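A.B. asks: Before anything else, here's the structure in question.
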Ligand SMILES: *Cc1c(COP(=O)(O)O)cnc(C)c1O
């Protein structure tokens, strides 16, 4: 008999009842050090006191009003994000995949309004993940996510990861936009590389192609910059943000330049929940905290500390791990063994990690993880690797 919850997840036999900072307490009372943070969502850890205060304060005032009214909390968060980025304008969603949908619509509308309605083709990359809606799966094109769901929305193709020659050959006068995660998350913590992102920007500029960065996972301070593309010194025309921006409350945002957004006039897009006062009040607090240069400097320092410990973990367990990759607190351990087995061994050692493609174990802790918890995480990962090697 089918389970009451649609069985689309292969769930671990673990359930949690409480969380504080980087720690989760299971229903059986066992404590786990959380290096997954809801897959890069709980950017400030579980139940961060600053966020609980905003949730309770705004929760007692106003949760939801329709977007047919002016929403001051939404305007405040939009202004904060524009202030801190390349963007001139922001649309709020409740998830990452909804940001993909708007990015697709906005880019096509741009060329349509520009008198080039034939420019509808999107170029994405192999290993990409942009969400689970019908547009987002067609965009990323991964076999296991599109299988059985056809006919897919057309006009999307995928290029080999990091292949500049293939990119140059593929861009044509039909190309609408190129979409890329500056660091692939689900694809295995794979940085596109700063030189690649700069080349990509130059190709898009030369051909009038829009450039979309999906920073749903790598954005919001994860790399030690507010947005990962800042490391390369280039900006996109459209950017997708979600996950960390709500600190655990559902929130996403599409940021865009005035030029890229020029087709999006009244009536061209909408959302019932997107940008509600509660989500935006929390998002504004997260954004204020995470965009503070002192906070970001700490992410860089903690990332380096963690990475150093991971390098010695790899050296001690060459039969389990073969290397460390990533940026800031978006780290990946390349595994010799199946990442799923390492995740399971981690459960035994009281540490939570997340598997990704390309044989990578993802480590995406809270951005404010205390140094002592980093040390404890390394101990527990060491215990997991020892247990697995035995
Ligand atoms: C998680 C993720 C998404 C989809 O976000 P949802 O909130 O699950 O819809 C899109 N892009 C990237 C890079 C992601 O990591």
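From the backbone N, Cα and C atoms, a Cβ is placed for every residue, glycine too.
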A.B. asks: Taking 122, 129, 306 as the options, which does TrEMBL list with 96, 97, 214, 215, 216, 217, 272 at the pyridoxal 5'-phosphate site?
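C.D. replies: TrEMBL names 129 for this pyridoxal 5'-phosphate site.
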A.B. asks: According to DSSP, does residue 214 (pyridoxal 5'-phosphate binding site) fall in a helix, a strand, or coil?
C.D. replies: strand
A.B. asks: Tell me the coarse DSSP state (helix, strand, coil) of residue 271 (N(2)-acetyl-L-ornithine binding site).
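C.D. replies: DSSP call for residue 271 (N(2)-acetyl-L-ornithine binding site): coil, neither helix nor strand.
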A.B. asks: In which DSSP state, out of helix, strand and coil, do we find residue 243 (N6-(pyridoxal phosphate)lysine)?
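C.D. replies: Looking at the DSSP assignment, residue 243 (N6-(pyridoxal phosphate)lysine) belongs to a helix.
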A.B. asks: If you run the three-state DSSP split on residue 96 (pyridoxal 5'-phosphate binding site), which class comes out?
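C.D. replies: Going by the DSSP assignment, residue 96 (pyridoxal 5'-phosphate binding site) falls within a helical segment, counted as helix.
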